[in-house]
(Lines of atoms letter the chains of each structure in order from A and count residues from 1; the text may use other names and numbers.)
(Lines give C-alpha, C1' and ligand atoms only; values in the text may rest on other atoms or scores of the structure.)
Protein backbone atom coordinates (compact mmCIF):
# COMPACT_ATOMS: atom_id res chain seq x y z
CA UNK A 1 0.00 0.00 0.00
CA UNK A 2 2.85 2.35 0.82
CA UNK A 3 4.34 1.81 -2.64
CA UNK A 4 1.07 2.89 -4.24
CA UNK A 5 0.98 6.00 -2.06
CA UNK A 6 4.63 6.77 -2.83
CA UNK A 7 3.88 6.49 -6.57
CA UNK A 8 1.11 9.09 -6.34
CA UNK A 9 3.09 11.23 -3.89
CA UNK A 10 6.04 11.42 -6.27
CA UNK A 11 3.84 12.69 -9.10
CA UNK A 12 1.16 14.76 -7.36
CA UNK A 13 2.78 15.82 -4.06
CA UNK A 14 -0.33 14.77 -2.14
CA UNK A 15 1.20 15.54 1.25
CA UNK A 16 1.96 19.13 0.26
CA UNK A 17 -1.65 19.60 -0.87
CA UNK A 18 -2.96 18.05 2.37
CA UNK A 19 -0.67 20.28 4.46
CA UNK A 20 -1.89 23.37 2.62
CA UNK A 21 -5.54 22.45 3.21
CA UNK A 22 -5.14 21.58 6.89
CA UNK A 23 -2.74 24.35 7.89
CA UNK A 24 -4.86 27.37 6.90
CA UNK A 25 -4.95 29.98 9.65
CA UNK A 26 -8.30 30.31 11.45
CA UNK A 27 -8.81 33.65 13.27
CA UNK A 28 -9.63 33.39 17.01
CA UNK A 29 -12.92 35.30 16.63
CA UNK A 30 -14.44 32.56 14.46
CA UNK A 31 -17.43 30.83 16.06
CA UNK A 32 -20.20 28.39 15.12
CA UNK A 33 -21.97 31.02 12.98
CA UNK A 34 -19.05 30.92 10.57
CA UNK A 35 -20.00 27.31 9.78
CA UNK A 36 -23.29 28.24 8.10
CA UNK A 37 -21.72 28.33 4.64
CA UNK A 38 -20.24 24.87 5.11
CA UNK A 39 -23.61 23.55 6.28
CA UNK A 40 -25.19 25.01 3.14
CA UNK A 41 -22.62 23.16 1.02
CA UNK A 42 -23.38 19.93 2.88
CA UNK A 43 -27.10 20.38 2.21
CA UNK A 44 -26.37 20.96 -1.48
CA UNK A 45 -24.37 17.72 -1.69
CA UNK A 46 -27.23 15.84 0.01
CA UNK A 47 -29.61 17.41 -2.51
CA UNK A 48 -27.47 16.25 -5.42
CA UNK A 49 -27.24 12.68 -4.10
CA UNK A 50 -30.92 12.25 -3.22
CA UNK A 51 -32.11 14.11 -6.30
CA UNK A 52 -29.97 11.92 -8.56
CA UNK A 53 -31.44 8.83 -6.92
CA UNK A 54 -34.98 10.01 -7.61
CA UNK A 55 -34.31 10.70 -11.30
CA UNK A 56 -34.29 6.93 -11.85
CA UNK A 57 -38.00 6.80 -11.03
CA UNK A 58 -39.44 10.28 -11.58
CA UNK A 59 -41.24 10.93 -14.88
CA UNK A 60 -41.45 14.60 -15.93
CA UNK A 61 -44.82 14.47 -17.69
CA UNK A 62 -48.07 16.08 -16.58
CA UNK A 63 -49.84 12.71 -16.70
CA UNK A 64 -47.21 10.65 -14.86
CA UNK A 65 -45.33 13.04 -12.55
CA UNK A 66 -47.64 12.75 -9.55
CA UNK A 67 -47.99 8.97 -9.94
CA UNK A 68 -44.21 8.56 -10.18
CA UNK A 69 -43.75 10.52 -6.93
CA UNK A 70 -46.32 8.27 -5.26
CA UNK A 71 -44.43 5.26 -6.61
CA UNK A 72 -41.20 6.58 -5.11
CA UNK A 73 -42.90 7.08 -1.75
CA UNK A 74 -44.72 3.74 -1.58
CA UNK A 75 -42.98 1.18 -3.81
CA UNK A 76 -39.29 2.02 -4.15
CA UNK A 77 -37.07 0.62 -1.39
CA UNK A 78 -36.31 3.51 0.98
CA UNK A 79 -37.86 5.85 -1.59
CA UNK A 80 -39.88 7.58 1.13
CA UNK A 81 -36.68 8.21 3.07
CA UNK A 82 -34.75 9.52 0.05
CA UNK A 83 -37.51 11.96 -0.90
CA UNK A 84 -38.04 13.03 2.71
CA UNK A 85 -34.32 13.71 3.16
CA UNK A 86 -34.40 15.67 -0.11
CA UNK A 87 -37.26 17.85 1.17
CA UNK A 88 -35.78 18.34 4.64
CA UNK A 89 -32.37 19.15 3.22
CA UNK A 90 -33.95 21.62 0.77
CA UNK A 91 -35.61 23.49 3.63
CA UNK A 92 -32.38 23.40 5.62
CA UNK A 93 -30.38 24.71 2.65
CA UNK A 94 -32.70 27.69 2.23
CA UNK A 95 -32.60 28.46 5.97
CA UNK A 96 -28.80 28.14 6.18
CA UNK A 97 -28.37 30.34 3.11
CA UNK A 98 -30.50 33.09 4.65
CA UNK A 99 -28.66 32.88 7.98
CA UNK A 100 -25.29 32.82 6.21
CA UNK A 101 -26.12 35.96 4.22
CA UNK A 102 -27.21 37.75 7.40
CA UNK A 103 -24.08 36.65 9.25
CA UNK A 104 -21.78 37.91 6.50
CA UNK A 105 -23.67 41.21 6.27
CA UNK A 106 -23.75 41.83 10.02
CA UNK A 107 -20.05 41.05 10.43
CA UNK A 108 -19.00 43.18 7.45
CA UNK A 109 -17.71 40.25 5.41
CA UNK A 110 -18.82 41.94 2.18
CA UNK A 111 -16.38 44.85 2.47
CA UNK A 112 -13.14 45.38 0.54
CA UNK A 113 -11.40 43.23 -0.63
CA UNK A 114 -14.21 40.63 -0.52
CA UNK A 115 -16.77 42.33 -2.78
CA UNK A 116 -16.62 39.59 -5.42
CA UNK A 117 -17.04 36.91 -2.77
CA UNK A 118 -20.20 38.71 -1.65
CA UNK A 119 -21.48 38.98 -5.24
CA UNK A 120 -21.02 35.25 -5.87
CA UNK A 121 -22.74 34.58 -2.55
CA UNK A 122 -25.76 36.67 -3.55
CA UNK A 123 -25.91 34.80 -6.87
CA UNK A 124 -25.85 31.52 -4.94
CA UNK A 125 -28.71 32.76 -2.75
CA UNK A 126 -30.78 33.51 -5.87
CA UNK A 127 -29.94 30.08 -7.29
CA UNK A 128 -31.02 28.47 -4.01
CA UNK A 129 -34.38 30.24 -4.19
CA UNK A 130 -34.71 29.12 -7.81
CA UNK A 131 -34.15 25.53 -6.71
CA UNK A 132 -37.08 25.89 -4.35
CA UNK A 133 -39.41 27.35 -6.97
CA UNK A 134 -38.60 24.77 -9.64
CA UNK A 135 -38.53 21.78 -7.30
CA UNK A 136 -41.86 22.70 -5.71
CA UNK A 137 -43.63 22.14 -9.03
CA UNK A 138 -42.17 18.74 -9.95
CA UNK A 139 -44.75 16.55 -8.11
CA UNK A 140 -47.33 18.34 -10.30
CA UNK A 141 -50.00 18.22 -7.65
CA UNK A 142 -52.51 20.99 -6.99
CA UNK A 143 -50.07 22.97 -4.85
CA UNK A 144 -47.26 22.62 -7.37
CA UNK A 145 -49.44 23.49 -10.35
CA UNK A 146 -50.92 26.64 -8.86
CA UNK A 147 -47.56 27.72 -7.46
CA UNK A 148 -46.09 27.54 -10.96
CA UNK A 149 -49.05 29.39 -12.43
CA UNK A 150 -48.69 32.23 -9.91
CA UNK A 151 -44.88 32.47 -10.08
CA UNK A 152 -44.70 32.42 -13.87
CA UNK A 153 -47.53 34.94 -14.06
CA UNK A 154 -45.73 37.57 -11.98
CA UNK A 155 -43.57 38.95 -14.86
CA UNK A 156 -46.73 39.76 -16.83
CA UNK A 157 -46.93 43.05 -14.92
CA UNK A 158 -43.69 44.21 -16.59
CA UNK A 159 -44.45 46.64 -19.44
CA UNK A 160 -43.71 45.55 -23.04
CA UNK A 161 -41.69 42.42 -22.26
CA UNK A 162 -44.03 40.97 -19.63
CA UNK A 163 -46.14 38.71 -21.83
CA UNK A 164 -43.21 37.33 -23.91
CA UNK A 165 -41.32 36.64 -20.68
CA UNK A 166 -44.28 34.71 -19.24
CA UNK A 167 -44.51 32.65 -22.42
CA UNK A 168 -40.76 32.00 -22.27
CA UNK A 169 -41.05 30.71 -18.70
CA UNK A 170 -44.11 28.57 -19.41
CA UNK A 171 -43.11 27.38 -22.86
CA UNK A 172 -46.57 28.27 -24.12
CA UNK A 173 -49.44 30.62 -23.39
CA UNK A 174 -50.63 28.45 -20.49
CA UNK A 175 -49.06 26.21 -17.84
CA UNK A 176 -48.65 22.66 -19.11
CA UNK A 177 -46.18 20.03 -20.30
CA UNK A 178 -43.74 22.59 -21.69
CA UNK A 179 -43.66 24.33 -18.32
CA UNK A 180 -42.95 21.12 -16.42
CA UNK A 181 -40.21 20.17 -18.89
CA UNK A 182 -38.56 23.57 -18.48
CA UNK A 183 -38.72 23.46 -14.69
CA UNK A 184 -37.40 19.88 -14.61
CA UNK A 185 -34.46 20.80 -16.86
CA UNK A 186 -33.69 23.84 -14.75
CA UNK A 187 -33.95 21.92 -11.48
CA UNK A 188 -31.89 18.88 -12.47
CA UNK A 189 -29.28 20.31 -14.84
CA UNK A 190 -29.02 24.07 -15.30
CA UNK A 191 -29.28 25.17 -11.65
CA UNK A 192 -27.00 22.43 -10.23
CA UNK A 193 -24.34 23.24 -12.84
CA UNK A 194 -24.49 26.98 -12.18
CA UNK A 195 -24.49 26.39 -8.42
CA UNK A 196 -21.43 24.14 -8.62
CA UNK A 197 -19.55 26.73 -10.71
CA UNK A 198 -20.39 29.65 -8.43
CA UNK A 199 -19.66 27.60 -5.30
CA UNK A 200 -16.22 26.77 -6.68
CA UNK A 201 -15.57 30.45 -7.39
CA UNK A 202 -16.90 31.38 -3.94
CA UNK A 203 -14.69 28.89 -2.10
CA UNK A 204 -11.57 29.71 -4.13
CA UNK A 205 -11.95 33.39 -3.25
CA UNK A 206 -12.48 32.55 0.42
CA UNK A 207 -9.43 30.32 0.25
CA UNK A 208 -7.36 33.09 -1.30
CA UNK A 209 -8.52 35.97 0.92
CA UNK A 210 -9.19 34.09 4.14
CA UNK A 211 -11.94 34.72 6.69
CA UNK A 212 -12.81 38.36 7.35
CA UNK A 213 -11.72 39.87 10.64
CA UNK A 214 -13.98 41.05 13.47
CA UNK A 215 -15.80 44.40 13.25
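Using N, Cα and C of the backbone, Cβ positions are placed for all residues, glycine too.
The annotation transmembrane segment is assigned in Swiss-Prot to 32-52 (among others) on the grounds of sequence analysis.
The heme c binding site annotation in Swiss-Prot covers 35 and rests on sequence analysis. Long-range C-beta contacts of residue 35 (heme c binding site), restricted to its own chain and to partners at least six residues apart, with a cutoff below 8 Å, are absent.
Taken from Swiss-Prot, the feature heme b 2 binding site covers 86, 187, and the record attributes it to sequence analysis. The DSSP secondary structure for residue 187 (heme b 2 binding site) is helix. Neighbour count (other Cβ atoms within 10 Å of the Cβ, all protein chains): 21 for residue 187 (heme b 2 binding site).
If you look up Swiss-Prot, you'll see 90-110 (among others) marked as transmembrane segment, on the strength of sequence analysis. Note on the transmembrane segment (90-110): residues 33-34, 36-37, 39-40, 43-44, 47, 117-118, 121-122, 124-125, 128-129, 131-132, 135, 212, 214-215 of its chain, located 6 or more positions outside it, place their CB under 8 angstroms from a CB of the stretch.
Per Swiss-Prot, heme b 1 binding site is recorded for 100, 202, and the stated evidence type is sequence analysis. In the structure as shown, the Cβ atom of residue 100 (heme b 1 binding site) sits within 10 Å of 22 other Cβ atoms.
The transmembrane segment annotation in Swiss-Prot covers 116-136 (among others).
Among residues of the same chain six or more beyond the transmembrane segment (186-206), those with a C-beta under 8 A of the stretch's C-beta atoms are 41, 44, 48, 51, 55, 114, 116-117, 120-121, 123-124, 127-128, 130-131, 134-135, 138. Annotation comment: Swiss-Prot describes 186-206 (among others) as transmembrane segment.
Note: residue 202 (heme b 1 binding site) has non-local neighbours 117, 120, 121, 124, i.e. same-chain residues 6+ apart with C-beta under 8 A of its own C-beta. Distance from the CA of residue 100 (heme b 1 binding site) to the CA of residue 86 (heme b 2 binding site) is 20 Å. There are 19 other CB atoms within 10 A of the CB of residue 86 (heme b 2 binding site), with all protein chains counted.
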